[in-house]
Amino acid sequence: MKTLLLSLLLALLATGSSAVTFTLKNNCPYPIWPGTLSGKGTPQLPSTGFELPPGQTYQLPVPPQWSGRLWARTLCATDRTGKFVCATADCASGQVACNGAGAIPPATLVELTLGSSTGKDFFDISLVDGYNIQVSVVPTGQGCSSTSCPVNVNSRCPPELALLGSDGAVLACKSACLAFNQPQYCCSGAYASPETCHPTNYSMIFKNACPQAYSYAFDDKSSTFTCNSGGDYNIIFCP
Ligand SMILES: *[C@@H]1O[C@H](CO)[C@@H](O)[C@H](O)[C@H]1NC(C)=O
């Protein structure tokens with residue numbers, strides 16, 4: 001009997017069925033609608049979009065080997081034609097679920113790769129596509145450090161990068177690449193390498209606000225964080 005139980009347990013472990021859990025928490029004083037997008041060739045998570053009222057948490061099971069991104073939409077509503085739309089980080093699916101569609105920038109992105117062949121997870125916060133909300137990523141596993149962008153970049157956003165609401169409030173802050181579409185800001189063309197693409201006065205606004213986050217495509221390695229695989233993650237909006 002003991003050996004049977006043991007072999008059952010070993011079989012369970014071998015199939016890697018011990019899923020990782022992402023616990024998303026909304027510490028903002030307003031509702032958010034997180035979205036998830038799996039990387040190419042990997043199945044979407046059980047939820048690709050849902051509402052998260054202030055103060056609430058949502059647990060999302062994730063396969064032990066997974067790669068993808070998460071973000072939070074804000075100021076969402078169903079319009080008169082029945083379409084679900086958001087003022088920031090919309091995924092344009094027309095529904096609360098994003099169903100394989102990504103965030104329309106500007107959007108603060110949480111990027112994770114779990115269960116790499118070296119037994120490590122890699123994760124980062126990216127403001128390369130702009131900023132719409134504060135977030136922190138807190139792993140619960142061993143040998144991990146957390147990363148955070150706790151500062152409201154909207155309040156420091158220069159007017160030429162600002163995404164404005166109808167009342168003139170800054171809802172999100174575009175990257176210079178998104179606002180001006182020039183190679184020196186997008187790290188494209190003659191600037192398509194780490195040697196030629198450098199921080200700019202615009203990327204520095206994001207870097208100064210959130211030093212742990214990626215501020216442009218070739219931002220230094222200090223923006224990528226690692227953790228031993230198998231642990232869970234707390235992802236907190238407005239930490
Ligand atoms: C950044 O630099 C550009 C080009 O030199 C200049 O036109 C712009 O006003 C500067 N913006 C800020 C926010 O410093």
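The count begins at 1 with the first shown residue.
Quick reminder: no glycine exception, Cβ is built from N, Cα and C everywhere.
What TrEMBL says about this protein:
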SIGNAL    1-19  signal peptide
DISULFID  CYS28-CYS238  disulfide bond
DISULFID  CYS76-CYS86  disulfide bond
DISULFID  CYS91-CYS98  disulfide bond
DISULFID  CYS144-CYS227  disulfide bond
DISULFID  CYS149-CYS210  disulfide bond
DISULFID  CYS157-CYS173  disulfide bond
DISULFID  CYS177-CYS186  disulfide bond
DISULFID  CYS187-CYS197  disulfide bond
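The distance from the Cα of CYS98 (disulfide bond) to the Cα of CYS227 (disulfide bond) comes to 28 Å. Ranking the disulfide-bonded residues CYS144, CYS157, CYS197 by Cα distance from CYS28 (disulfide bond) puts CYS157 first.
Rounded to a whole number, the C-alpha distance linking CYS177 (disulfide bond) with CYS187 (disulfide bond) is 8 angstrom.
Take the disulfide-bonded residues CYS76, CYS91: by the count of other Cβ atoms within 10 Å of each Cβ, the lowest one is CYS76. For CYS173 (disulfide bond), the same-chain residues that are 6 or more apart in sequence and have a Cβ closer than 8 Å to its Cβ are PRO106, GLY130, TYR131, ASN132, VAL153, ASN154, ARG156, CYS157, LEU161, ALA162, LEU163, ILE205, PHE206. Every protein chain considered, the tally of other Cβ atoms within 10 Å of the Cβ of CYS86 (disulfide bond) stands at 23.
The two recorded residues, CYS186 (disulfide bond) and CYS86 (disulfide bond), show a Cα separation of 25 Å. Spatially, by CA atoms, the disulfide-bonded residues CYS76, CYS86, CYS144, CYS149, CYS187 include one closest to CYS238 (disulfide bond), and that is CYS149. Within its own chain, CYS144 (disulfide bond) has ASP121, PHE225, THR226, CYS227, ASN228, GLY231 as residues 6 or more apart in sequence whose C-beta sits under 8 angstroms from its own. Closest in space to CYS197 (disulfide bond), of the disulfide-bonded residues given as CYS76, CYS149, CYS210, is CYS210, taking the CA atom of each residue. Cβ contacts within 10 Å of CYS238 (disulfide bond), excluding its own Cβ and spanning all protein chains shown: 18. With the fewest other Cβ atoms inside 10 Å of its Cβ, the least crowded of the disulfide-bonded residues CYS157, CYS187 in this structure is CYS187.
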